[in-house]
């Protein structure tokens, strides 16, 4: 049997309205890349990145979920087993911020009770087009007792910090145990891609 290359496996979800930049956030973290030509994610996409925290190698299994209404029935099954959820809105799109409460209800209905949540106000490099004040993001995060960052995949602002903070929060309340399996359940997902990369 092959030796495991990690100590813990954390399943993370990126959720939020279509077009808020979830895929760009994921690619910036996983591959330090930014591409303006992404098409909307169809169903689910998966990326894997291994990071080291507190002397532990942690495999982050990050699911990028479709934001369109018609895909909500697909994505609900992916809340199960998620240990961390990043809820993303676009600071230049008021509707994406207004829908935060709906996404938070989805988390309450479908995710584990103890899931770590984080709110990201994305595209903070587009200050001239901002319609959602930072204070509003901070307020809703406070009300729900969750962490908040403003991020930019394009300018690489707070992307790594957000992922590592979420992983640290999960690690703090995770009992140390051996990872169950190398297998990834993709039985009900859409297009899935994956790679492994190591953080130095």
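In case you wondered, yes, glycine gets a Cβ from its N, Cα and C as well.
Here is what Swiss-Prot records for this protein:
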- 18-24, 35-36, 40-41, 67, 122-123, 125-126, 152-154: GTP binding site (BINDING)
- 23, 41, 64: Mg(2+) binding site (BINDING)
- 32-46: motif 'Switch 1' (MOTIF)
- 64-81: motif 'Switch 2' (MOTIF)
- 199: S-geranylgeranyl cysteine (LIPID)
- 200: S-geranylgeranyl cysteine (LIPID)
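Separation of the C-alpha atoms of residue 23 (Mg(2+) binding site) and residue 122 (GTP binding site): 11 Å, rounded to the nearest whole number. Neighbour counts were taken as the number of other C-beta atoms within 10 angstroms of each residue's C-beta; across the binding-site residues 18, 23, 122, the minimum falls on 18. Mean pLDDT across the motif 'Switch 1' (32-46) comes to 65 in this model.
Counted within 10 Å of its Cβ, the other Cβ atoms near residue 126 (GTP binding site) come to 14, all protein chains included.
Mapped onto three states, the DSSP output places residue 23 (Mg(2+) binding site) in helix.
The two recorded residues residue 126 (GTP binding site) and residue 64 (Mg(2+) binding site) have their Cα atoms spaced 23 Å from each other. Separation of the C-alpha atoms of residue 24 (GTP binding site) and residue 64 (Mg(2+) binding site): 10 Å, rounded to the nearest whole number.
Over all protein chains present, the Cβ of residue 64 (Mg(2+) binding site) has 23 other Cβ atoms lying within 10 Å.
For residue 154 (GTP binding site) paired with residue 64 (Mg(2+) binding site), the C-alpha to C-alpha distance reads 17 Å. Taking Cβ-Cβ distances under 8 Å and a sequence separation of 6 or more, the neighbours of residue 21 (GTP binding site) in its chain are 88, 90, 122, 123, 153.
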